[in-house]
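This report concerns only the one structure given below.
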Amino acid sequence: MAAALASSPLVHLTASRLRLPRLRASVSSSAPGCSRGVCLGWRLAAGWRAGRRCERLRCFSSDGGGGEEGEKRGEEEASAAAAPGEELGSERSRSGSFSSSSSSAGTPGVSSEPPLLSFSVDNIDTVKLLELLGPEKVDPADVKAIKEKLFGYTTFWLTKEEPFGDLGEGVLFIGNLRGKREEIFAKLQRQLRELTGDKYNLFMVEEPNSEGDDPRGGPRVSFGLLRKEVSEPGPTTLWQYVISLLLFLLTMFSCVELGIASKISSLPPEIVSYFTDPNATGPPPDLQLLLPFVESALPVAYGVLAIQIFHEIGHFLAAFPKNVKLGIPFFIPNFTLGTFGAITQFKSILPDKKTMFDISMAGPVAGAALSFSMFFVGLLLSSNPVGANDLVEVPSHLFQGSLLLGLISRATLGYRAMHAATVSIHPLVIAGWCGLTTTAFNMLPVGCLDGGRALQGAFGKEALFGFGLTTYSLLGLGVLGGPLSLPWGLYVLICQRTPEKPCLNDVSDVGTWRRAALIASVFLVVLTLIPLWDELAEELGVGLVTSF
């Protein structure tokens, strides 16, 4: 029993709570066959061993006993127990205490000896225990120095303090600003580094529950203080590199599968019927029949992979001049589009909202530029009879999956080519179409997607919450993305639903033209992801509609 309590990592016992076995003057209380001196020595040895165990445990008792004081009390009690004929008084048990002691009256089958160890829940300081288990908090001595040396009449007049951070591990300083926010913030950051070094990060955020704006314009601001190890992202681990490599290999396989599926008109009939007919029965076909089509599927696979890699290069090129570190991309395979895109994390705190907006928009802009180039060049090659040998036939109803791309295809290829059961197109059209669709999905204003980060930087986290609910509703109803809406919505909910962490300067405005660019991008995203309904498709001649 004593060994089990002493080895528990969440139970801290004080030396003052150590109780040695009660010593009896009569020989009858000894074990049969033992002399009084032998039994006394055995009990003292057992009590000494238990005391040594307790000395190794760190004390968090509410009465402040611990360290050297606890050891002194333990020695005093041990010496008191060694006095011959002296009995230790029993302590009245309090509510909530754990005790295995029995009453003085002997009970059959239960020893009348007091327990070797007893302790009380009241002696465990849960606040200090949670401090050890939770994130490291700000040092009160540093808070006092910051209030005395950083804040004042010329910078920021402090009025009160509140907890800051997800678990309240930081301090939020609330008060009145005494100048331009950007200049004061830069000054406070410089003075904080001189005072505490690289120990803390200082955030400038909007004052919570403020009753009005700042008299100088804009929202009222407060300053939050967090330790660096709490606020900054952790480094990339070896397992993350391994997972990233495995996901990239799976994405390559899914892109090759997309290229093979684009050859559906020339694939063996038994394979096509097995994978497309829901009522197909019998043994699966020999997949070795697909090997001759792998080489012809590589152009589509290369195109889709090139778009996604170019997308990630756009992020890294925008982050490099801002001194922002990005993590390795985690490509997510998808057998319909080749890939869902990639999850790329920030590995350093963003300095301001402009940086968040620029880095978030750089990837979709680069991916969309390359995708549209492939798509438009592929349409031009599709209408050129010289390259007819390189064309593949796809069902015409696939062009009804996007209002914007379907209209561009109809304007380029003409009514007769589009109003048919199948359409002959160049493989670049498929790669560009998939790239534009994936880019549009990643620009949805929700969670930690590129569109969600850009919206958070341009309009704030409250606007992101409202747009996110709207986006989830449209995806759930199938208004955006058609049959791809459900898997994409699940992907966002599982992997990308959490908003981005705040910037160091989470108050400064990004500017009007950035907001305008984001609004135009979201408008194009909606046009790309809205499918053509049958009546409009039949009227425009985009695909052959057999029924309404």
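All residue numbers here begin at 1 and follow the chain in the order shown.
Glycine is treated like the rest: Cβ placed from N, Cα and C.
Per TrEMBL, the features are as follows:
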- 95-113: compositional bias 'Low complexity' (COMPBIAS)
- 301-460: domain 'Peptidase M50' (DOMAIN)
- 61-115: region 'Disordered' (REGION)
- 289-310: transmembrane segment (TRANSMEM)
- 330-350: transmembrane segment (TRANSMEM)
- 362-382: transmembrane segment (TRANSMEM)
- 425-444: transmembrane segment (TRANSMEM)
- 464-494: transmembrane segment (TRANSMEM)
- 515-533: transmembrane segment (TRANSMEM)
- [ ] Please work out whether the transmembrane segment (362-382) lies in contact with the transmembrane segment (289-310), by counting C-beta pairs under 8 angstroms that are 6 or more apart in sequence and asking whether there are at least 3.
- [x] yes
Open item on the list: Need a quick answer: max count of Cβ pairs under 8 Å to the transmembrane segment (425-444), which of 289-310, 330-350, 515-533 is it?
Closed with: 289-310
Open item on the list: Below 8 angstroms Cβ to Cβ, which residues of this chain, lying six or more residues outside the transmembrane segment (515-533), approach it?
Closed with: 357, 361, 364, 399-406, 436-437, 440-441, 443-445, 451, 454-455, 458-459, 479-482, 540, 542-543
- [ ] Give me the mean pLDDT over the domain 'Peptidase M50' (301-460), rounded to a whole number.
- [x] 89
